[in-house]
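Taken from TrEMBL as is:
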DISULFID  C59-C123  disulfide bond
DISULFID  C72-C133  disulfide bond
DISULFID  C103-C113  disulfide bond
DISULFID  C252-C262  disulfide bond
DISULFID  C337-C401  disulfide bond
DISULFID  C350-C411  disulfide bond
DISULFID  C381-C391  disulfide bond
DISULFID  C498-C508  disulfide bond
DOMAIN    33-134  domain 'SRCR'
DOMAIN    160-288  domain 'SRCR'
DOMAIN    312-412  domain 'SRCR'
DOMAIN    422-530  domain 'SRCR'
SIGNAL    1-25  signal peptide
Amino acid sequence: MMWPPSVTFSLSLLLLLGQAPSGRPQSSGTKKLRLVGPANRPEEGRLEVLHQGQWGTVCDDDFALQEATVACRQLGFESALTWAHSAKYGQGEGPIWLDNVHCLGTENTLDQCTSNGWGVSDCRHSEDVGVVCHPQRQRGYHSEKVSNALGPQGQRLEEVRLKPILASAKRHSPVTEGAVEVRYEGHWRQVCDQGWTMNNSRVVCGMLGFPSQVPVNHHYYRKVWNLKMKDPKSRLNSLTKKNSFWIHRVDCLGTEPHLAKCQIQVAPGRGKLRPACPGGMHAVVSCVPGPHFRPQKSKPRRKESHAEELKVRLRSGAQVGEGRVEVLVNRQWGTVCDHRWNLISASVVCRQLGFGSAREALFGAQLGQGLGPIHLSEVRCRGYERALSDCLALEGSQNGCQHTNDAAVRCNIPDMGFQNQVRLAGGRNHEEGVVEVQVEVNGVPRWGTVCSDHWGLMEAMVTCRQLGLGYANFAIKDTWYWQGTPEAKEVVMSGVRCLGTELALQQCQRHGPVHCSHGPGRFSAGVACMNTAPDLVMNAQLVQETAYLEDRPLSMLYCAHEENCLSKSADLMDWPYGHRRLLRFSSQIYNLGRADFRPKAGRHSWIWHQCHRHYHSIEVFTHYDLLTLNGSKVAEGHKASFCLEDTNCPTGVQRRYACANFGEQGVAVGCWDTYRHDIDCQWVDITDVRPGDYIFQVVVNPTNDVAESDFSNNMVRCRCKYDGQRVWLHNCHTGDSSRPNAELSLEQEQRLRNNLI
């Protein structure tokens, strides 16, 4: 919209943000830099610096590689390749902020180098300098945050909220409809509705965690407003006469991730005596919550395609609405490169998934590296796309992206109030303690403890997520050493069973009347939370490629028999005469998470195995099963206990864990543990299996004893054909992959999961 010519803007009141053509974030330096150049080359361009709220250029006098290196590092790149003089990337506009810049090369930001001073220059824009940075990002170059782009200090639009007006809106959780209120310089102000558009509503809803907006009944709200204005004693009547009560005017494009990046006029122009909102009323917005945040009984407003939902997903995020971005292309999940990744593109992903706009676009695989292809790079969204697939992008393989460049997001989510309904008490720090929950007892909110009967890692995971503390490290059933809150000793929740996807314990299944076998006290449920977690995933392709049959003599299977790696019928054989038919294969288990995978048991409880000459650190680590097509188990070959170590690590990562000499056991971040087909117990005993078609299933960490950021990728399934002499595995895939021709019905899926011990 165009501003009326009569309106005069004061620079101290007008926030004009988001003008940069580049979506690249800046470092934590006192001044921001950007490169203005070719759209497909984010690492080169004309160097510009932001000073006093205005972008300007840098003169090429005395500029050399040392100065370019400092600038590139400030921009998040590892180093500079070269620089360019004489406005190679075009002449800039505005002031020439810096001239005769001299850097030692050790400075963190360009403004720490010496120069003539801000704005002191004898140059013209024909001398604007450009730089070419090395495309590799710094490890510390993490994200573009909304909070980094809110304008000069003291001129911030800090928060936004909806104040419900109708009685029905006040009962909703989350609040989806009401008058817009903006927190400016520490005070809440309402926004004048004159010139208010649906684009403005879209930005407000996005900030509040909602993907979309709908029109409101303006005439009805005007009637309510007029009634209040007729009452001379109403507080609203007196407040509206004060200019300090209003945000005068807002003008958004609808693509902004934050209201502060729109054009905002806080009050009428300086010297104007008229009210800030003459004849107007407060702007009212109605938002549409995403599927995760709707009341369970409500129906979606439009028919949603399940296939559409599966085209993008978030992985390895500690909280709801955050994670590494993965997209589905040609039935295969892959990642997105962080080149040109910004808040606008990240917001498209967030809204597609049913969240609001993005509050942070993350770079450099900060939320973990993916496996498989890098599908997209140089993603360029305008902000109104319904899906990431509608944005312009290059193939990830076209510009040398690695998984160290995997992009991630943190989305705005609605305030459901769940965080205020649970707390931890008695722990040594704020991340551990007895779980205390608030529930309604006879219509009255009451705090109490949770019965630890059936309390496990999934329930603990939901608790930590509800608290905003990430993942559960331990689910604790015996909390006698933690003193809870005295007034919350009574058990108010029992029989809790969570799937792990719930937003709060109150959403999990639980007993109606509370029934706890041991009552309150030392056996109340407790948790210990952590910010990062491992994530194990098996190489499905390697399983498929290495499978074969072997008839192995019993005389060579004593150790394996001792470890229960053979079928029950082996107990009845005439040892050492005879043989067992084994389906052998190799397994390679990656740790894609952000923390090392460590055994739950301490070293003092590891078990020495004399036959294999090493310590077993974990009781049940892997299950290998052969199932019928309807899910009935016909053969098994599980690893009853395990020696965990780093078999291989990528270049630049040091091996940390080795089983030899009672060494530390685990799988480090980025490394993998390989078990060759020719070692003991790396098989399924199929001696008693008849020829036919089967499902071959491998599950890592099957009892979820050790916390992971994602349990959905712990299972590998293959179709198996056995003719009595030969075996074929095909269509091997992890549980979170998408290969429709190999997927099973929901009923069959449940049968398979019921086979897990």
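Note: Cβ is positioned from N, Cα and C throughout, glycine not excepted.
Heads up, TrEMBL stuff is auto-annotated, nobody curated it.
Ranked by CA distance from C381 (disulfide bond), the disulfide-bonded residues C133, C401, C411, C508 have C411 at the top as the closest. A separation of roughly 14 Å, to the nearest angstrom, links the Cα atoms of C103 (disulfide bond) and C59 (disulfide bond). By a simple count of nearby Cβ atoms, those within 10 Å, the most crowded of the disulfide-bonded residues C113, C133, C252, C381, C411 is C411. Between C411 (disulfide bond) and C337 (disulfide bond), the C-alpha separation comes to 18 Å. A straight line from the CA of C337 (disulfide bond) to the CA of C508 (disulfide bond) spans 36 Å. Comparing the Cα of C252 (disulfide bond) with the Cα of every entry in C123, C391, C401, C498, these being the disulfide-bonded residues, the smallest distance points to C391. Within 10 Å of the Cβ of C508 (disulfide bond) there are 19 other Cβ atoms, across all protein chains. Taken residue by residue, the domain 'SRCR' (422-530) breaks down under DSSP into 17 helix, 40 strand, 52 coil. The disulfide-bonded residues shown are C113, C262, C401, C498, C508; of these, the one with its CA atom nearest the CA of C59 (disulfide bond) is C113. Local packing around the Cβ, expressed as the count of other Cβ atoms within 10 angstroms, is greatest for C350 among the disulfide-bonded residues C59, C72, C103, C123, C350. Within the model, the domain 'SRCR' (312-412) carries an average pLDDT of 90. Take the Cα of C72 (disulfide bond) and measure to each of the disulfide-bonded residues C262, C350, C401, C508: the nearest one is C401. With the fewest other Cβ atoms inside 10 Å of its Cβ, the least crowded of the disulfide-bonded residues C262, C391, C401 in this structure is C391.
The Cβ of C498 (disulfide bond) has 21 other Cβ atoms within 10 Å, all protein chains considered. Taking C123, C350, C391, C401, C498 as the disulfide-bonded residues under consideration, the smallest Cα distance to C113 (disulfide bond) is found for C123.
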